[in-house]
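As given in Swiss-Prot:
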ACT_SITE  Lys111  active site, schiff-base intermediate with DXP
BINDING   Gly172, Ala198, Gly199, Asn220, Ser221  1-deoxy-D-xylulose 5-phosphate binding site
REGION    251-273  region 'Disordered'
COMPBIAS  258-267  compositional bias 'Polar residues'
Amino acid sequence: MVSTSNGSDPLTIGGRLFSCRLLTGTGKYPSINSMQSSIERSACEMVTVAVRRVQTGAAGHTGLMEAIDWSRIWMLPNTAGCTNAEEAIRVARLGRELAKLAGQEDNNFIKLEVIPDSRHLLPDPIGTLQAAEALVKEGFTVLPYINADPLLAQRLEEVGCATVMPLGSPIGSGQGLNNAANIALIIENATVPVVVDAGIGVPSEAAQAMEMGADAVLVNSAIALAGDPPSMAEAMGKAVIAGRMAYSSGRLPRRGQASASSPTTGLISGKDK
């Protein structure tokens with residue numbers, strides 16, 4: 001199992017502290033056992049659960065609630081499958097009840113997804129903002145999934161969201177950080193944690209997001225659909241730790257020309273022979 005990140009550098013969301021900055025999902029795994037092992041080896045402390053799929057017993061979600069140790073893992077219910085704000089609000093309420101059934105009575109977290117387009121799976125900015133405003137008023141800790149739109153991120157922060165979760169690229173695409181420039185702007189301006197969500201395909205991309213200054217990443221498809229999900233989960237966990245350490249250490253400034261790493265004084269010249 002990967003050791004979690006430095007305990008002196010916790011991730012704080014909604015007043016709750018997490019020592020691991022990798023969030024994972026529960027969908028698309030080849031088996032429940034594969035999911036369990038992946039969660040364990042990633043060292044993650046928060047996993048997202050699709051409320052609708054658990055409620056309906058969708059493929060891959062039967063027995064999910066019993067398969068995870070909810071005394072150790074914080075549940076992040078999500079509103080996947082919701083196409084408008086009204087649906088998302090209803091499913092968020094069900095998600096809160098689901099967390100209570102898992103023994104997390106004080107869990108008001110919700111990963112807000114409003115996605116009307118089933119082909120491209122891009123989030124609806126207007127519906128997301130509408131649902132976020134309503135859910136914050138109901139006492140939810142809202143983690144909204146959004147396009148990498150700096151202005152929308154700012155507005156969601158203003159209405160009281162606990163994080164913003166810009167996508168790197170479309171869900172499940174494995175295209176990496178196609179929106180790196182906008183994500184960098186969001187990170188620069190945000191006063192809440194920025195969690196890069198969707199599109200990460202390999203550990204180097206998770207590390208890249210962390211090196212940019214993201215507070216965390218959420219990775220599901222890249223782990224669940226890997227040839228060896230538990231090994232990929234461990235690799236992602238290590239990449240997130242490395243990326244965070246690199247960001248905290250401060251990178252070498254970029255220069256327009258070379259700079260010798262060896263001293264240029266005291267060199268032996270031809271005259272010294």
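Every residue gets a Cβ built from N, Cα and C, even glycine.
Overlay of Swiss-Prot feature records on the structure.
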| residue | record | Cβ within 10 Å |
| --- | --- | --- |
| Lys111 | active site, schiff-base intermediate with DXP | 27 |
| Gly172 | 1-deoxy-D-xylulose 5-phosphate binding site | 17 |
| Ala198 | 1-deoxy-D-xylulose 5-phosphate binding site | 25 |
| Gly199 | 1-deoxy-D-xylulose 5-phosphate binding site | 25 |
| Asn220 | 1-deoxy-D-xylulose 5-phosphate binding site | 22 |
| Ser221 | 1-deoxy-D-xylulose 5-phosphate binding site | 18 |
Problem set entry | Largest inter-residue Cα distance among Gly172, Ala198, Gly199, Asn220, Ser221 [record-listed 1-deoxy-D-xylulose 5-phosphate binders, Å] | 9
Exercise. What are the other residues, in sequence order, whose C-beta lies within 8 angstroms of the center of the C-beta atoms of Gly172, Ala198, Gly199, Asn220, Ser221 at the 1-deoxy-D-xylulose 5-phosphate site?
Worked result: Pro170, Ile171, Ser173, Gly174, Asp197, Ile200, Val219, Ala222
For this session: Could you state the whole-number distance in Å separating the C-alpha atoms of Ser221 (1-deoxy-D-xylulose 5-phosphate binding site) and the residue listed as 'active site, schiff-base intermediate with DXP'?
Result: 17
Problem set entry | Per DSSP, three-state class assigned to Ser221 (1-deoxy-D-xylulose 5-phosphate binding site) | helix
For this session: In whole Å, note down how far the CA of Lys111 (active site, schiff-base intermediate with DXP) lies from the CA of Ala198 (1-deoxy-D-xylulose 5-phosphate binding site).
Result: 13
Exercise. How big is the gap, in Å, between the Cα of the residue listed as 'active site, schiff-base intermediate with DXP' and that of Gly172 (1-deoxy-D-xylulose 5-phosphate binding site), rounded to a whole number?
Worked result: 17
